[in-house]
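Engineer: Please find one structure pasted underneath; my questions will follow.
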Number of protein chains: 6
Amino acid sequence: MSPQERYGTQFGPDITFLGVPRCTWSDPSTYADADVVIMGAPFDGGTSHRPGTRFGPQYIRQTDYLPHDGSRPSLALRVDGLRDDLTVYDAGDVQMYSGDAERSVRDLQEAVYTVTANNAIPLILGGDHTIAWPDAAGVAQHLGQGRVSMIHFDAHADTGNIEFGSLIGHGQPMRRLIESGALRGDRFLQIGLRGYWPGPETLDWMAGQGMRSYEMTEIVARGLEECLTEAFSIATDDCDGVFLSVDIDVCDPGHAPGTGTPEPGGLTARQLLDSVRRIAYELPLVGIDVVEVSPPYDHADITSALANRVVLEALSGIARRRNGTPWDPRRPLLDR
Amino acid sequence: MSPQERYGTQFGPDITFLGVPRCTWSDPSTYADADVVIMGAPFDGGTSHRPGTRFGPQYIRQTDYLPHDGSRPSLALRVDGLRDDLTVYDAGDVQMYSGDAERSVRDLQEAVYTVTANNAIPLILGGDHTIAWPDAAGVAQHLGQGRVSMIHFDAHADTGNIEFGSLIGHGQPMRRLIESGALRGDRFLQIGLRGYWPGPETLDWMAGQGMRSYEMTEIVARGLEECLTEAFSIATDDCDGVFLSVDIDVCDPGHAPGTGTPEPGGLTARQLLDSVRRIAYELPLVGIDVVEVSPPYDHADITSALANRVVLEALSGIARRRNGTPWDPRRPLLDR
Amino acid sequence: MSPQERYGTQFGPDITFLGVPRCTWSDPSTYADADVVIMGAPFDGGTSHRPGTRFGPQYIRQTDYLPHDGSRPSLALRVDGLRDDLTVYDAGDVQMYSGDAERSVRDLQEAVYTVTANNAIPLILGGDHTIAWPDAAGVAQHLGQGRVSMIHFDAHADTGNIEFGSLIGHGQPMRRLIESGALRGDRFLQIGLRGYWPGPETLDWMAGQGMRSYEMTEIVARGLEECLTEAFSIATDDCDGVFLSVDIDVCDPGHAPGTGTPEPGGLTARQLLDSVRRIAYELPLVGIDVVEVSPPYDHADITSALANRVVLEALSGIARRRNGTPWDPRRPLLDR
Amino acid sequence: MSPQERYGTQFGPDITFLGVPRCTWSDPSTYADADVVIMGAPFDGGTSHRPGTRFGPQYIRQTDYLPHDGSRPSLALRVDGLRDDLTVYDAGDVQMYSGDAERSVRDLQEAVYTVTANNAIPLILGGDHTIAWPDAAGVAQHLGQGRVSMIHFDAHADTGNIEFGSLIGHGQPMRRLIESGALRGDRFLQIGLRGYWPGPETLDWMAGQGMRSYEMTEIVARGLEECLTEAFSIATDDCDGVFLSVDIDVCDPGHAPGTGTPEPGGLTARQLLDSVRRIAYELPLVGIDVVEVSPPYDHADITSALANRVVLEALSGIARRRNGTPWDPRRPLLDR
Amino acid sequence: MSPQERYGTQFGPDITFLGVPRCTWSDPSTYADADVVIMGAPFDGGTSHRPGTRFGPQYIRQTDYLPHDGSRPSLALRVDGLRDDLTVYDAGDVQMYSGDAERSVRDLQEAVYTVTANNAIPLILGGDHTIAWPDAAGVAQHLGQGRVSMIHFDAHADTGNIEFGSLIGHGQPMRRLIESGALRGDRFLQIGLRGYWPGPETLDWMAGQGMRSYEMTEIVARGLEECLTEAFSIATDDCDGVFLSVDIDVCDPGHAPGTGTPEPGGLTARQLLDSVRRIAYELPLVGIDVVEVSPPYDHADITSALANRVVLEALSGIARRRNGTPWDPRRPLLDR
Amino acid sequence: MSPQERYGTQFGPDITFLGVPRCTWSDPSTYADADVVIMGAPFDGGTSHRPGTRFGPQYIRQTDYLPHDGSRPSLALRVDGLRDDLTVYDAGDVQMYSGDAERSVRDLQEAVYTVTANNAIPLILGGDHTIAWPDAAGVAQHLGQGRVSMIHFDAHADTGNIEFGSLIGHGQPMRRLIESGALRGDRFLQIGLRGYWPGPETLDWMAGQGMRSYEMTEIVARGLEECLTEAFSIATDDCDGVFLSVDIDVCDPGHAPGTGTPEPGGLTARQLLDSVRRIAYELPLVGIDVVEVSPPYDHADITSALANRVVLEALSGIARRRNGTPWDPRRPLLDR
């Protein structure tokens, strides 16, 4: 593969995530020192209902009232996960043509693989959840089939087989990942499922794969913290790294209205941010995606702002994990 | 009463709740095998403030991103409360003329009574809360005055006497039900009250009736689960069935903005869904209404989606109760 | 081709255009007496910017405050183009998978061809403008290559060659139609172009094809009526019928905000309705599509309502043309 | 009738139209010197579709970015129709219970009659169009049956007979006015009709009454100015005064989205304001209502702002007419 | 200072908070018996991002579906904090010119000081948080420098030094208060901080002042109730009164979207209301402000409604504290 | 003045107008070949009502569905006014602190003057209309007092004297320009005035200055084209250049809802674009501003899109004027 020109962003002005420096994914020399490389995947051709996630990358990158100066010192963790304590680049978007899911998925996997192979953590901004297939498969392509576990926040299992006559879509990526051998079903941890999909047949398939899916009634009955701790121990058992996939619809529609298939009864924004922080701080993340933010259905940008913070909590957690100092959430802010 | 032609829906296209089969309330032969008959009551002439609930039935019926195929297998309860494990029909709307509350209320009670008398549970989609009077009175007309208890989710007591010079309105149905003898005041359980209405005089009347009203500070201080358990024991004491009336404004405006008289500080959507599931699973429901969804004030359909799920949780709970197998919310999804 | 089961609608409840009767496009016996068959093409995978037109068919079908009774007597034309003076069916949607433009386009053309071959006028509700290719090509497949002229209302020429690496998309259908020989470039009449696209190269290609494109400054300077009259004479010169393609963005964004690529400075809603009425009354229409209505970007349903009326004006005009009585817009309403 | 206490406003804070002084309609001593008395009629129980006009009076009164100081010097007419050149009071609302159309209509007529009988022009802020019945009937009750002509701006004829089983509603006021003898059918001038309602039977009834209805195609073909001039001559033929009823939906939904039954293809805001100015300046107005403003469906208050300006144009026109100086719209502003 | 004429409200109609009586801040005789005087400070010139809080006073005053009758009996506390159990006036707005922060701040401090000096508690409706400087400084001007502690609900510390080249702005009031000596840094209690601002330098300054800031991870880990109890003991140590400053953005954007700098992961509306009730009931409040409500970014008025209830909870708590009877939130509503 | 570092944009990501190259206003070497230099002035501290124009520069720069590639070939004029036929830079924003109007105005004038003095046409993106003072004064500072005429599109005269106690604000810039001698009153052409402001005293002052203000009734009565032609001849009489100031509220709120003080009855978007094209093509422009776009009040970005096109029409007109070929709007697009 020869280096290409940087593509930039597919929609709107050519911006980067809160102003971090640019790089070109196909030219590793442009991010040789990177800890994390952010990429946009503005694809919404795979959604089964409300589209709009093609504008997810733009809005996740830009929705913040603070100066877009490439720096974000975390109050909670007392690190700057965007500049001082982590090296982060934004490679722009991988061109997605929503009318051609197959090509889009193929091109994205190549980009994710390239970044991983060059020792950076890929952080992909969706787009609909279709992209989780190339995202996690691209990471596994380098780290080894079955060597990466998955922590998957979502209202939906995304383990459908065929939808609208296609194997590719936002309801099926997890099935494709397991069926292809990229990820092991018994290292697949799902948090926040609820509602009325999928049906028994698919649930049986999931059980057969050894998946561990935490439906919301279990989470409420046992407590989110306990469920997470249990999930963490599975995720780190005989795997070399963890991929974190955050579908913003894991949150209640009151906290995240701007999404395609909102399912009432989800996590609060606070719960999601606290969970992502724990994961990034406690687990060896090797890839991340944040998906299903649909700005046309948002109000006052609250969903985009939440997704922006999910990214920052993940980066801050990674940074704090790397600097090696212990962290206690009970300590007063001004003592941390 | 002779069978009439099916009225259909009063506003918009003639749809049914997520595609369940049609029936005609006045012709019991069309729903002889029904467990539940859904009816719309698109009345908003009784609201004291923001109108719009006339579109509640349409939006509650249609707001779901899944196929409208008349089937909804519940992840939480592992039953299909819409098709496989319960027989549900949609009778369309009872014509409501918002400019004539008296006639609307009278016609609705007849429809509810007819459904009940033919051994189906009526599930009425409001409309403003005015309709709780004919809804519960119609059930009691068949089951017996004072034989039905009420579990009433709401930010407001709805026990006003006269508003805008009228005995009929969305702030008064509970008073009419008790005063008429249809329901007993001391089997009236209210969950979620808060705010600044009604005043002392009405509260004294309520106390005099023996009502049990759980205001939000009590619910927060004692815990919702404990309050519900206590309420359940009252509701089932010397009564033959329970009517469940869910005013969507029991939820916080952040979770349910699309309503007429939003009162900050309410339940989360999650709490409401968990409560409704418990009620339908643990108690002998004989009638249900879901009211005060006002689509013009909604955003991204989140309030309508919540109300749609309230209906489905109720149906799923009834279905699981009927199939008789025990249910433990702590069990993993894929083991249920 | 063997008759298939009716597909229904792809999104939301299974409704028809204002309640007209259902038919199945693949089973001509279900619409043997049809004058017009309506079909939805809920495809938005081809849009270059804001998506959402997949919900166009649903909203165009249902956005009307009058009863959905399958009847609409026109005040302007004094005919009922939905029932009494024309026979209209709704075949539901042709399944479109937005992630696979190629398959979607192929399937749609087959449906349009089938309807045309069975002597009904196809009226397709988009969807983005990608569908104009299969729409007009399907008609030409039956009536003969180059035998159908096109009147095309749009802010954009839609004559691009390749966008996002694809030949198929909402900016290219008109080029595909001409390049494939389905339509003649010199019988292509475009009304309402404006703005800053396409560039000189594409304009040169258009000129080379003999297209006649009325940009808005010409329309303002000469008057819309004069331009239309001129266009009509070209459209009916050595052609057997006229296809009418209405991109709702031909109207000013103030009149049609709910669209994907709004270009300021367009026609008023009144001008569009008057034009469509003239066309349907004066010209031999053989196919119609109404595209680019994007409900997520609409407000108070005004764009959907306008598109609904575009359909009704076309149907009313066809009906009045067929009944053969002369019509004078200057006559008082109560004398018509 | 004995004077009652002032009712104030039914919804929200007790404000007056842009700060004009308060009066009590039932106590004529409070407005003895009035030229015009404004009253709100916040009734939306009669609407056949989207409600919300109950908030019309509040929003029409308050939607203006200028200080609410009870003064508005008109640029176009160079008079202050709110204070210096006309004496205007605001009587607050007449209590409307939307759940009881009959009582609401009866109480409103009494208020309008009282104001008229005390030599002030009533200007009623709706509310849905149901109120035109009591509005114009109240004026005729004093001035004499058949002595008042009507100029009626509307997309709809509002001459229905029975809707939803009721004689009272927003689609029927004009029929009630004519049937009751309050107004003469042949002095009924309708401007702006369009769309698909009512059907032939009702149109025949209208023709039988001698009504003169200007449908939009006639207005476009002949020009609005010519139509108005023709209508004025009918309106002033053997009548003692003119009632002006402005349904905001006469304007195109692009200019007035906040209404209940928007019909595409209407007048521009500019055309409506120019027409109202002409009417108030050229004709002897004896009553006015401005109806069908539905704030829940508005955006950025543009519909409320338009209705506010309709009121001000009417008042300014009356003021200029009374001061007797000739007015030429072609004269430069700074020469007027 | 000589009494001036009452200014009224700066924007929109001249209303008072839910209809309480008017007073003039510069004329103490108009509020001689006041417990609390409400004032609006419609200033948004100091915001660093989304403006709109200039309409905060109008919307906080008017957003309530109940009659605006100057009375609000609290269900939770069984007192009427607006009329029967507390004497409350509304002085209208202090004129704020957003283009001149310096003058605005100076004029507001004078008004607050005057009210305090006349023995009423000032309750200021913002406006952006810039106003906390004059608000608390005005109170301290009378009660003594360093004699008033601060409980500050906010997502942000608001302890910036210079922003956009100015010492005055909504990110700096707390620094100005401490630097000027008006308040002691070690009696400054901040609740709800989170996110990515300010940076280390400012945090060091805060630590140096002895501030106690409860970041959200601490609040989640320890529990809000425990944190509040601890904060209360600091606030009442060697101080004569407590100022309560509530920035509505302390709540999660799902509960309070209508604000300028929304930071995901905040308190629920319920938590804020419960906290304010406790504070007003348990602590000796000497001043209150409620700020950062930005109606242009609100939906269905839910943020304004929340702020209205924050005011009412504070007033109700003060009233209950004054009547001296003990209060137990666990007691049933109808026994309180 | 020594060159400073480029400031970038004050809010959001650092973008330029549709991707044109960056320059630094204080370093003329960065735009030595410029025809036009775009600058943002994100100031909304001077607005008398709805704020939000601080986001005008961001939204005007970015609201376009086409690629942000720094090129825009005009269909109407067949030139590329952004790249091929004109050299355009974007200098980013001049920092505006809305809380300090005086400083903001002073800094902006220096920037405008500098650009003008270096032979580029300044094109300023507002911000509220306050900025017209420094904009036009900065140009006159170089070209000479009284040597520049003004064409001013607006609903409002903006000739107020003192508002909210200040000489600086969005209702007063035109008075300041004339009083300071920067512009001559008798070369001041105002187009589109209407409504109820200012009052007689200010109108008298305007008449005394010899201003020529075209109120909308005159424009409707005489025709916009005729009025423009007349205005052009005044503007070019004994002046060396023309400043064009476009307040987006000159358009009807239906076309431009996103503004602070919307006045019904304005121009259509089409009329404004046609007028701006004529002006840029026919007159010697020396400066331009486009102001009062308030994104928080916009819907579907239609107002921002209109303002973006106003800029492009101006640039295209200048480019076509410079290339010297005659232009006829009546010529077919493909012949131009």
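Cβ from N, Cα, C; glycine included.
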Engineer: TrEMBL has A:ASP154, A:HIS156, A:ASP158, A:ASP247, A:ASP249 binding Mn(2+). Which one of A:HIS129, A:HIS142, A:HIS255 is in the same site?
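Structural biologist: Within the candidate list, TrEMBL flags A:HIS129.
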Engineer: When DSSP is mapped onto helix/strand/coil, what comes out for A:HIS156 (Mn(2+) binding site)?
Structural biologist: coil
Engineer: Inside 8 A of the center formed by the CB atoms of A:HIS129, A:ASP154, A:HIS156, A:ASP158, A:ASP247, A:ASP249, which other residues of the chain have their CB, for the recorded Mn(2+) site?
Structural biologist: A:HIS152, A:ALA155, A:ALA157, A:HIS170, A:VAL250, A:THR261, A:VAL291, A:GLU292
Engineer: Using all protein chains in view, find how many other C-beta atoms are within 10 Å of the C-beta of A:ASP247 (Mn(2+) binding site).
Structural biologist: 27
Engineer: Minimum Cβ neighbour count within 10 Å among the binding-site residues A:HIS129, A:HIS156: which residue?
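Structural biologist: Looking at the binding-site residues A:HIS129, A:HIS156, the Cβ with the fewest others within 10 Å is that of A:HIS156.
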Engineer: Within the chain of A:ASP158 (Mn(2+) binding site), which residues six or more apart in sequence place their C-beta under 8 angstroms from its C-beta?
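Structural biologist: A:ASP158 (Mn(2+) binding site) has long-range Cβ partners A:HIS129, A:ALA132, A:HIS152, A:HIS170, A:GLY171, A:GLN172, A:PRO173, A:MET174, A:ARG175, A:ASP247.
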Engineer: Under 8 Å Cβ-Cβ from A:ASP154 (Mn(2+) binding site), six or more apart in the same chain: what's there?
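Structural biologist: Expected: A:HIS129, A:GLN190, A:ILE191, A:GLY192, A:LEU193, A:SER245, A:ASP247, A:ASP249, A:VAL250.
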Engineer: When you measure from the Cβ of A:ASP249 (Mn(2+) binding site), how many other Cβ atoms are you left with inside 10 Å?
Structural biologist: 29
Engineer: Please report the three-state DSSP label of A:HIS129 (Mn(2+) binding site).
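Structural biologist: The three-state answer is helix.
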